[in-house]
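I have placed the structure first, in the form of structure tokens, so that the comments after it can refer back to it.
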Amino acid sequence: CAGNRHSSLSHSLLQNKGKMANQRAILKNALILVLFTLTIITKSAFSQNCGTNGCAGNLCCSRYGYCGTTAAYCGTGCRSGPCSSGATPVTPTPGGGGGGLNADPRDTIENVVTPTFFDGIMSKVVNSCPAKGFYTRQAFISAAQSFPAYQGTVAKREIAAMMAQFSHESGSFCYKEEIARGTYCKASTDYPCQPGKDYYGRGPIQITWNYN
């Protein structure tokens, strides 16, 4: 009996270890895709930052450093240009960046993704969800820390955008695999399908097809 209990315990520990490794692998792959996208978005956002040079023509520079003509740009916090009457201009903070996903403040991922923050999101995942309990804070943090581009700190906007994307793709963290599963294999010499493998979406980013 003792031998059976020991064998069952070892089997359970191996299963848990394998599950955690699978979680980290899925989240790491998702982070690579999202951080790559965020890098492109951030460069685009900073290229539009008007906090230093202002906007061309009759455009207003918004409190977040973007050019436009609507109330969102010319109203409260308008920095320069034909700001609306009564609008209070905001003086840019040196080195603050003025906008973009990579703007200040920055902190370690552990301090940004706090237990309260993460648990608040996961508390909305109902018990009937297939991925209930699959996504964990520690797996998310470990995946981020294993990413080569992570240099110790993250911006809160980066995390907010990332979690929003994860939530959208996974049905508010309800699913870890695509509902409409299929082979999703398109004949390709560059990205050949492996025998017996299906290429449906998995994890917090539901990427399908063998060429993705």
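Backbone N, Cα and C define each Cβ position, glycine as well.
No curator has checked TrEMBL annotations; they are predicted automatically.
All protein chains considered, the CB of GLU169 (active site, proton donor) has 19 other CB atoms within 10 Å. According to TrEMBL, the active site, proton donor annotation covers GLU169.
TrEMBL lists CYS55-CYS67 (among others) with the feature disulfide bond. Mapped onto three states, the DSSP output places CYS67 (disulfide bond) in strand.
Non-local neighbourhood of CYS60 (disulfide bond): CYS67, GLY68, THR69, TYR73, CYS74, CYS78, ARG79, SER80, GLY81, PRO82, CYS83, each in the same chain, at least six residues away, with C-beta under 8 Å from its C-beta. Taken from TrEMBL, the feature disulfide bond covers CYS60-CYS74 (among others).
Long-range C-beta contacts of CYS174 (disulfide bond), restricted to its own chain and to partners at least six residues apart, with a cutoff below 8 Å, comprise VAL125, VAL126, CYS129, PRO130, ALA131, LYS132. What TrEMBL records for CYS129-CYS174 (among others) is disulfide bond.
Look at TrEMBL and you will find CYS185-CYS193 (among others) tagged as disulfide bond. Annotation note: CYS193 (disulfide bond) sits in a coil segment as assigned by DSSP.
Under the heading domain 'Chitin-binding type-1', TrEMBL lists 47-85.
Feature annotation from TrEMBL assigns transmembrane segment to 26-46.
CYS55 (disulfide bond) sits 36 Å from GLU169 (active site, proton donor), counting Cα to Cα. Here the Cβ of CYS55 (disulfide bond) has 21 other Cβ atoms within 10 Å, regardless of which shown protein chain they belong to. The most crowded of the disulfide-bonded residues listed here (CYS67, CYS74, CYS129, CYS185, CYS193) is CYS74, judged by how many other CB atoms sit within 10 Å of its own CB.
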